[in-house]
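Record features, source TrEMBL:
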{"type": "TRANSMEM", "residues": "A:58-80", "note": "transmembrane segment"}
{"type": "TRANSMEM", "residues": "A:101-127", "note": "transmembrane segment"}
{"type": "TRANSMEM", "residues": "A:139-157", "note": "transmembrane segment"}
{"type": "TRANSMEM", "residues": "A:169-189", "note": "transmembrane segment"}
{"type": "TRANSMEM", "residues": "A:209-230", "note": "transmembrane segment"}
{"type": "TRANSMEM", "residues": "A:251-276", "note": "transmembrane segment"}
{"type": "TRANSMEM", "residues": "A:296-325", "note": "transmembrane segment"}
{"type": "TRANSMEM", "residues": "A:346-366", "note": "transmembrane segment"}
{"type": "TRANSMEM", "residues": "A:372-394", "note": "transmembrane segment"}
{"type": "TRANSMEM", "residues": "A:406-425", "note": "transmembrane segment"}
{"type": "TRANSMEM", "residues": "A:431-448", "note": "transmembrane segment"}
Number of protein chains: 2
Amino acid sequence: MAAFKRLLIGRPLKSTELGEQKLNKRKALAILSSDALSSVAYGPEQILLVLITVSTAAFWYSIPIGIGVLFLLTALILSYRQIIFAYPQGGGAYVVSKNNLGVYPGLVAGGSLLVDYILTVAVSVSAGTDAITSAFPALHEYTVVIAVVFVLLLTLLNLRGVTESASVLAYPVYLFVLALLVLIGVGIYRVMTGEVSPELHTPVGTPIAGISLFLLLKAFASGSSALTGVEAISNAIPNFKSPAPNNAAKTLSAMGILLAVLFSGIVALAYFYGVSPLAEVTVVSQIAEETFSRNFMYYFVQGTTALILILAANTGYSAFPLLAVNLANDKFIPRMFTVRGDRLGYSNGIIILGLLSILLIIVFQGQTEQLIPLYAVGVFIPFTLSQTGMMVKWIREKPAGWVSKLAINTTGAVISLMVTLMFFITKFAQVWSVLIFLPIIIFLFHRIKKHYEAVGDQLRLATCEPAVPIEGNVMIVPVSGITHVVEQSLNYAQSLGAEQIIAVHIPFDREEEARFEEKWRSWKPDIRLVTLHSPYRSIIQPLGKFIDVVKRKADESNYQVTVVIPQFIPKKGWHNLLHNQSSLLIRAHLLYRKDIVLTTVPYHLKK
Amino acid sequence: MAAFKRLLIGRPLKSTELGEQKLNKRKALAILSSDALSSVAYGPEQILLVLITVSTAAFWYSIPIGIGVLFLLTALILSYRQIIFAYPQGGGAYVVSKNNLGVYPGLVAGGSLLVDYILTVAVSVSAGTDAITSAFPALHEYTVVIAVVFVLLLTLLNLRGVTESASVLAYPVYLFVLALLVLIGVGIYRVMTGEVSPELHTPVGTPIAGISLFLLLKAFASGSSALTGVEAISNAIPNFKSPAPNNAAKTLSAMGILLAVLFSGIVALAYFYGVSPLAEVTVVSQIAEETFSRNFMYYFVQGTTALILILAANTGYSAFPLLAVNLANDKFIPRMFTVRGDRLGYSNGIIILGLLSILLIIVFQGQTEQLIPLYAVGVFIPFTLSQTGMMVKWIREKPAGWVSKLAINTTGAVISLMVTLMFFITKFAQVWSVLIFLPIIIFLFHRIKKHYEAVGDQLRLATCEPAVPIEGNVMIVPVSGITHVVEQSLNYAQSLGAEQIIAVHIPFDREEEARFEEKWRSWKPDIRLVTLHSPYRSIIQPLGKFIDVVKRKADESNYQVTVVIPQFIPKKGWHNLLHNQSSLLIRAHLLYRKDIVLTTVPYHLKK
């Protein structure tokens with residue numbers, strides 16, 4: 001078992017080896033930006049899908065809308081740059097909102113992101129799997145199995161630790177960037193040299209009947225889904241090599257520039273080629289086919305796109321555990337999320353994320369595309385909150401140059417809010433559930449916090465009265481027969497010099513009762529035996545009642561009651577199936593129900 | 001939870017109420033013969049399915065073959081009658097074979113029957129469900145769900161107790177018998193009055209080309225599948241009101257007569273009507289339609305047939321737990337099968353049977369018909385063994401009239417063996433797996449027995465050296481912090497006057513280590529504190545090593561080592577999720593790995 005674990009995730013690492021696990025910029029860009037970069041595979045398409053409801057002539061609007069998205073992207077990147085320096089310990093939307101707007105806005109941001117990372121994994125892996133099964137239709141019926149296997153692989157990679165997974169992930173991300181850059185370069189060259197017919201596109205500015213501001217805003221909101229994932233870097237600052245904030249800021253800028261280039265390139269080529277969105281073929285695929293026809297480069301673009309979609313899920317694996325640690329340190333979620341595993345990753349967060357996304361994939365049978373709007377809303381709510389938080393911070397602190405900083409964050413906040421509202425107005429059918437689950441999650445956060453605080457109060461020594469001294473001990477030994485196991489427990493109780501030792505036997509019929517009492521008298525005449533006849537064949541009920549009686553008497557003279565349970569331990573695990581686990585049942589019942597000490601005296605069998 | 005259980009299965013019954021749960025003859029006939037009687041719904045059809053491979057003209061052979069099956073039935077009934085009186089404590093094939101042929105033949109019989117009862121449940125319920133979904137095709141896609149629900153209902157009925165389920169089951173069984181008797185009566189009347197054209201059937205004796213002895217034997221073996229279930233009564237004698245053997249024998253005769261009448265009637269009508277087996281319509285259904293056309297009686301026959309098929313599964317529920325008790329008393333399967341539940345049924349057997357048949361239904365997606373030959377072989381192997389056992393018994397004991405008794409059992413044994421061999425020769429593809437799983441089961445039986453004997457030897461007081469006296473106690477208290485929980489455990493250890501108390505702290509980093517040691521010195525200067533630095537963040541490993549060291553020293557002076565584990569118990573169960581369950585983990589690890597006493601001192605939180 002231990003050897004198998006080692007094989008899968010590698011040897012355990014010492015706490016002091018943590019520094020070596022940190023990310024340099026090149027690896028960080030790969031590991032933290034796959035989500036954002038992969039969005040260009042579906043973002044531009046989302047814009048066209050809205051515009052086509054009017055006519056293909058309206059496609060020229062994708063150019064101004066694309067510029068709008070670039071504007072939002074710039075605002076977000078600049079804004080997150082400011083957050084990185086303001087919160088070098090990791091400034092996710094949760095931390096920024098909590099510190100500047102208060103606990104509840106912080107929890108709204110944290111709660112949506114927590115759920116969102118699960119959606120990231122499920123949606124990205126499903127999309128990547130779809131890309132593969134589209135290429136190899138024979139695999140289609142195994143979609144769910146394939147997606148689950150990918151999630152398991154990602155979970156394993158992340159359990160092995162952050163740097164090792166980065167090494168594996170770096171190649172596909174950079175190959176994808178390379179593929180798209182070549183595609184855009186060749187495409188633009190073809191447009192410039194006039195190889196592409198200018199009749200394929202309507203000139204920008206052509207008046208179109210039926211276009212409305214509402215529709216344009218809807219197209220803009222849909223296109224903004226290409227920006228999901230830009231927050232990942234600011235959450236993960238503690239994973240960077242020092243100086244962490246500087247490295248993170250540089251990585252963020254690099255990602256912003258790459259994202260801007262790829263996004264504009266795809267939007268532009270789609271416009272010049274006059275690409276219409278189709279059900280079976282993606283926009284990127286159409287552009288690649290138009291540019292290269294079906295040669296090696298076409299398959300290279302398609303292959304790296306599929307890969308990066310699956311790897312985009314990895315952003316969830318980097319961000320979820322870190323956010324969980326922040327929430328757990330503030331006692332809003334279980335403490336187990338703060339524990340580092342053998343390989344220094346936060347294993348519990350990684351495992352839970354994997355399990356929940358597998359659950360989503362199975363429940364939705366791999367058809368998670370319908371979750372994309374939900375997922376986008378889950379990103380833009382925390383965007384809005386963190387930018388608003390930054391606004392409050394600048395107004396409150398007024399550092400040098402705060403006006404321009406405020407302007408940047410205000411722009412970001414307004415656009416993010418607008419995008420969020422657009423989603424609610426134009427796609428309510430797909431995003432209403434956020435209004436149900438967010439309050440539930442926040443309620444849970446609240447309850448968990450209250451519980452931890454109550455426990456802390458009760459355990460703290462200063463706040464409670466001193467413990468009652470123990471004046472003596474009563475030991476109860478349940479005995480099932482006259483055997484070595486029982487003898488050992490009785491010897492043990494006697495060796496502790498307890499003031500009173502009571503052996504308890506629970507027969508199911510009267511005959512057995514008499515027989516046992518007689519045997520006992522000749523075996524251990526000096527130890528008091530109590531027999532409790534049990535007509536309903538239950539051991540726990542009569543024993544529990546008897547303990548209550550003893551306990552009441554013992555309490556009067558401050559005596560402590562201990563139940564000493566004889567238990568024999570078979571040599572092999574499967575042997576346990578062959579024995580009535582009465583002692584375990586008794587123990588579990590008494591531990592949670594009665595205020596008594598429980599002692600197990602094991603008797604290890606030798607064969 | 002307890003209230004829900006009560007609602008489902010009723011109030012617990014006292015052990016002394018057992019007598020009231022016993023069966024009278026009328027109920028016993030219903031509860032124990034549904035399996036055998038329901039077989040007439042498919043037995044005759046199996047004969048025709050073999051004959052049709054030659055030609056429909058060969059159908060007249062079903063008459064002599066049917067007479068052969070009746071002959072086998074008579075031999076089996078007479079033989080089991082003898083078994084009932086010879087083994088009034090319940091003479092299943094297991095007991096009879098074991099007592100007369102030896103342990104291994106007994107285990108072969110017991111093992112095949114144990115598996116067979118699971119097949120009974122799965123096959124019968126699936127067949128009944130098919131009958132229902134044939135009538136209402138819209139339900140077809142829910143076959144598996146419906147079958148599983150039926151198994152769950154049967155499990156519940158049987159957990160409620162044997163008489164109550166008998167009351168529910170008596171009606172459908174008697175209604176089925178009534179329906180078939182009316183069908184056969186009206187049918188024979190129509191044949192006698194010449195309403196049925198005599199051209200529909202070939203006269204008995206017509207020479208047919210291509211018929212072979214092999215084919216006739218195959219048809220005979222297939223028809224014998226109508227006899228599955230006749231052994232149920234002899235297994236269940238302890239369930240009868242006294243005088244149990246007499247009542248059981250009378251019930252057996254009644255069942256034999258009913259089965260003979262129904263079987264001959266269906267075979268005869270099928271012959272006279274010239275019915276050919278069809279894929280979609282059963283033979284019984286064709287006869288009923290021919291006799292009544294589609295009026296109320298037709299649906300009555302079909303409905304009761306479906307019902308009795310489902311209830312045939314109940315025979316498994318009566319027989320499996322009783323056989324399991326026999327095997328468990330002989331220590332071949334886990335002892336838990338001998339425990340009576342709240343309602344005095346052997347609940348563990350009932351629950352395990354239910355779970356395994358649900359598993360079969362799900363694995364075979366409700367298409368369990370392919371298991372019928374396997375199921376028949378699983379019945380005829382124990383038939384053969386128990387009859388052979390009776391032969392040995394008569395030869396050995398030679399009671400009055402033993403020659404005729406021997407003749408009866410010899411006839412039964414020879415025919416059963418022949419049927420078994422026929423199945424292996426003619427349907428090897430479907431029954432080969434019995435040759436794999438029977439040896440596995442018998443190997444398991446053997447290992448379990450050996451384990452129980454080894455345990456018994458080790459626990460028995462007489463056979464071992466006297467226990468080493470305990471000269472003193474060392475108590476180790478793992479402490480995670482300075483809290484009430486820890487204080488309580490330390491107080492408890494001190495109250496027992498242990499010779500040595502050692503508090504153990506396991507810090508993950510050096511800073512924490514120094515801080516804790518300082519705090520400890522001012523809090524409990526009189527208790528020795530050992531800190532074990534753990535660079536790999538594991539608590540169990542360093543603690544285990546430390547315990548080993550202490551234990552080695554303690555053993556030298558016959559001191560007993562006890563680990564006292566402080567554990568706080570949250571007020572509500574779900575709160576456990578919020579705390580690292582270190583104390584439970586430590587306990588589980590130490591209990592199975594180390595030979596030390598484990599004491600849990602619970603600290604119950606009040607809020």
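Each residue, glycine too, has its Cβ placed from N, Cα and C.
With a cut-off of 8 Å on Cβ pairs spaced 6 or more residues apart, the transmembrane segment (A:209-230) and the transmembrane segment (A:251-276) reach 3 or more such pairs and are scored as touching.
When the stretches A:58-80, A:139-157, A:431-448 are ranked by Cβ pairs under 8 Å to the transmembrane segment (A:346-366), first place goes to A:139-157. Touching of the transmembrane segment (A:58-80) and the transmembrane segment (A:431-448) is ruled out by the presence of fewer than three CB pairs under 8 A, sequence neighbours closer than 6 excluded. Sequence-remote contacts of a segment are chain residues at least 6 beyond its ends whose Cβ falls under 8 Å from one of its Cβ atoms, and for the transmembrane segment (A:139-157) they are 8-9, 121, 125-126, 128-130, 132-133, 164-165, 168-169, 310, 313-314, 317, 350-351, 353-354, 357-358, 361-362, 365-366. Ranking A:101-127, A:169-189, A:251-276, A:296-325, A:406-425 by CB pairs under 8 A with the transmembrane segment (A:431-448) puts A:101-127 at the top. With respect to Cβ pairs under 8 Å, the transmembrane segment (A:101-127) is most closely packed against A:372-394, considering the stretches A:169-189, A:251-276, A:296-325, A:372-394.
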